[in-house]
Amino acid sequence: MEVIVIGSGVIGLTSAWYLAKEGHTVTVIDRQDSSGKETSFANAGQISYGYSSPWAAPGIPLKAMKWLTQEHAPLKVKPSLSPELVAWATKMLANCNEAKYAMNKSRMLRVANFSRECLTHLRTSEDLAYEGRQKGTLQVFRSEKQLDAIQQDMKLLTESGIEHSLFDVDQCLSVESGLADVKDKLVGGLYLPHDETGDCHQFCLTLTEKAKQLGVRFVFDTEVVSLNHQNRAIETITTTQGEFKADAYVVASGSYSRELLKQVDLSIPVYPVKGYSLTLPIVNVDKSPTSTVMDETYKVAMTRFDDRIRIAGTAELAGFDYLIPEKRKATIDMVIKDLFPQAGDFSKAEYWTGLRPMTPDGTPIIGKTPIKNLFTNTGHGTLGWTMACGSGKILASVVSGSASDIKSDDLSIHRYL
């Protein structure tokens, strides 16, 4: 079959890769001049299988109200509430109970765990270089209340077969010795030994070249204008470079998937949740993270690459806005200076912002749509890098009509229709 994939971020690329591996003729179309230039460009760098959790959780509505009044809170909401945001937030609030949280987290862990297997195989078989490390994630807690709250997550991790350990402060220092000078600020941590790190943009560029060797065609600097459909099927797509025709079409356009799918009367609850990152060159290796350290209080991740640190966090509900206010810079600055004050060179700081495509239940939307030759792979939120390889392989199986390696029928758009 001929398949067109719309989007060359990490989700579109892994979709294209696994489709090509199944023997399809694949064309990837993207509006940027190369792969991974939007949400995949400077994300947190953490590949956190065990940290795969929905934001819609018990207690979040109350926490959100408190966060809105705090200077360095992990959540920000722009004053003007659009109808799309109100509808999305309403659905999210409906998922903030114990039963739905457990169901959603279980689904997310299923995809994430499968993705770990897929990435391991892909990295090994193709010898991919992306500054990858397999040294785990340490989620650090600053209060006893946070330690108590993590018990429910640990139960779900156990049920999903994901190895984890609750650490005291000394054990935290055994895996992240760079925290030694600030140990009095911590009460413990959750260690996930099988989590990984890596530069997502480097991965995208490397996989693009590998995909070309499989025969995948890339069409850059080209924006999809319309999906032309008749009799519940896509016939062609119109782009800024003319029309393209295929047997099947995959929408993997992140936060922009929602607008594309509106053209075929499909409404998906994917909202752009804005996040910020800071990249610093390392000046003191001994005072830097070894892998990923996640500050539970501020929801900020600090990830080690070869000679850089990537600090990322904040969830801002502001629509399709790419401005970087000084206040947002101040929050991620504050966290890295608080926990790893001697690690990086702030005179060479690089700031970035991206839009994470978030669903109300946290689970991505992968699979068939009511349009018979149209498929989706979107809605991964902050976990696109974590879930990319597994999601791409699931998507390829669905398009091919073959059995998926894991249960995937509850991942499609149909759960929202």
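Every residue gets a Cβ built from N, Cα and C, even glycine.
Among the features that Swiss-Prot reports, FAD binding site is placed at 3-17.
Everything Swiss-Prot records as a feature, shown here on the structure.
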residue: VAL3; record: FAD binding site; DSSP (3 states): strand
residue: GLY9; record: FAD binding site; DSSP (3 states): coil
residue: SER15; record: FAD binding site; DSSP (3 states): helix
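Around VAL3 (FAD binding site), the same-chain residues six or more apart in sequence whose CB sits under 8 Å from its CB are LEU19, HIS24, THR25, VAL26, THR27, ALA246, ASP247, ALA248, TYR249, VAL250, VAL399, listed in sequence order. Packing around ILE11 (FAD binding site) is summarised by its Cβ count: 32 other Cβ atoms lie within 10 angstroms of its Cβ, all protein chains included.
GLY7 (FAD binding site) has a Cβ environment of 30 other Cβ atoms inside 10 Å.
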